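Heads up: the structure comes next, in C-alpha cells.
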Amino acid sequence: MSSMASVLFAALAISGVQVTPSRGYGCFPQYSQFWGQYSPYFSLEGRSAISSAVPPGCKITFAQSLQRHGARFPTADKSATYSSLIKRIQEDATEFKDEFAFLKDYKYNLGADDLTPFGESQLYDSGINFFQRYHGLTKDSKVFVRSAGSERVVASAHKFVEGFNKAKGSEKGGATKLDLIISEEDRRKNPIAPQGCDAFDNDETADKITDQFRSTFTQPIVDRVNKKLPGANIKIGDIKSLMAMCPFDTVARTPDASKLSPFCHLFSHEEFRHYDYLETLGKFYGHGPGNSFGPAPGIGYVNELIARLTSSPVKDNTTVDHELDDNPKTFPLGLPLYADFSHDNSMTVIFTAMGLFNATKPLSPTKITDPADASGYSASWTVPFGARAYFEKMVCDHSPSAKQEYVRVLLNDRVFPLQDCHTDFLGRCKLDDFINGLTYARSNGNWDQCEVSPPK
C-alpha cells in the first residue's frame, strides 16, 4: 500500500470509520459508482439480500477467484482521442466559462494501457482480502495464480500475490512469481482472455443500441457545453470522451484516488447515471446476453471451473489449450485455492456462459434500467476496475450428509442468485445441481457456429 494510502487508512480508522480491503473504493460515490466499467471496485455487500459471510456451521473447502486488473490509464487509442480533443478545445474555444475554466491550461499527461499506482493498490488490497477470507485453506497449500498476458493484467496478479503473501506473513513484499501467464496473441487459445469466435466479433448490435440510447440524452449536454466553450464546436461524440476523462483523471491524480478530477464537475449526477447506463448497454449487447454469441467465448473457462470443482480432467472443445490443461504443472487439480486475472470483456462473456445473467431481461435502449431492476446487472456492478468474483465450495454441519457439497458465487461481495440450479436461502446450490445447470458450457454451447465468413 502506498504511503499516502496508508495515511488515509489511518486517518479513517482514527475517526471511527471501518476500513478494510474488502470495502473497496468509497470516495465520491455519487460519481464513482456511475462510471461503468471505469468505476473502481466498490463492495456490493449492502446491496446483497444474503450476507456474504460464510454461513454458520459451514466450512469453505475450495475457492476460485476471477478478477479484473486494477485501475489503468486509457487504452492507447482512447488516450490519443482524449488528448486530441482537449488540444482542439484549447485551440478553438474563445472563452472557458465557469467550471470549464480549468481546461484553458489543463495539460494532458495520462499514460496509456498501464496500471495507475491506485490500480496497483487495489489489487494489493484484493490479495489481503483473499487471504483474510480463505486463510483457513492456506495452511497446507498455496494459491495457484494464472494471468492473461497483457502487462496490466500480469502486474495486477503480481500485486495481488504481494498483498496475499504480506497478509500471510510469508513475504516482505516485492513481486512474486506467477504460476502461469497465458499469451493474448491473436487467435491463441486462452480461456481467461478468450477470442476466436468470428460471429461474436462481427456482431454490431451493441453499436446500434448504444447509438440509440446516446441520442436520448446527449444533445442537451452538447448545447450546454458549447455555451460554456464558445467556438469549441463540441459534437455528440465528444461528450462521452469528456465524461470518460472524469474517471481516468481521478484514478491517475493521486496514489489513492482521493482527489476528484475537475472533469467530474462538468456533468451532473443524473448525466453520469446516463453515462453508466450507456457503458452498461455496451457490455450487455456487446459481450453479454444481448449478443447471441456473447456466452460462446466464455465456455472454456466454465468448463475449467467444473474440472477444478470436481478434480476431474477438463472437457472442452472451445477456448481451452489442452497442452496446458492436460498438464498437472500448468493446470493442477485438487488444490483448495485458485486465482485468475483477466479483463472486463472476458469476465462478462464468462459470467454469461455461466448463466449468471439469465434472469436479466433485455435492457431498454431508450430509458435507464436500474441494476436492482436488472437482477444486479450493470457494468459498474459486475466488471469495475479490480472486479472480483469468488466461486466457493463448502460443506455444512446441518447437511443431510456430511459429504454434501455446496457451491456459492460472490460477485463484488454480493451473493449472486444462481439461476440454473435450486438455490437455498443462503444462496447455495448443491454441487451436482450446480454443475448439471451448466448445460450450455458442458455441451460447448454454440461454439461450432462461431467460424463465419467476414461480412462483405
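Along the chain as shown, residues are numbered 1 onward.
Placed from the backbone N, Cα and C atoms, the Cβ positions cover glycine too.
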Record Swiss-Prot, residue Cys450, disulfide partner from Cys197, Cys246, Cys264:
Cys197
Name the one residue among Lys227, Lys228, Lys283, Lys403 that Swiss-Prot lists for the same 1D-myo-inositol hexakisphosphate site as Gln37, Tyr38, Arg68, His69, Arg72, Thr75, Arg152, His343, Asp344.
Lys283
Close in space but at least six residues away in sequence, with Cβ under 8 Å from that of Arg152 (1D-myo-inositol hexakisphosphate binding site), the same-chain residues are His69, Gly70, Arg72, Asp113, Asp114, Leu115, Gly119
Largest separation between Cα atoms (Å) of residues that the record links to 1D-myo-inositol hexakisphosphate, namely Gln37, Tyr38, Arg68, His69, Arg72, Thr75, Arg152, Lys283, His343, Asp344:
20
Could you state the CA-to-CA distance between Gln37 (1D-myo-inositol hexakisphosphate binding site) and Cys246 (disulfide bond) to the nearest Å?
13
By a simple count, how many Cβ atoms lie within 10 Å of the Cβ of Cys58 (disulfide bond), its own Cβ left out?
19
Cβ-Cβ neighbours of Cys197 (disulfide bond) (radius 10 Å)
26
About how far apart, in whole Å, are the alpha carbons (Cα) of Cys264 (disulfide bond) and Cys421 (disulfide bond)?
43
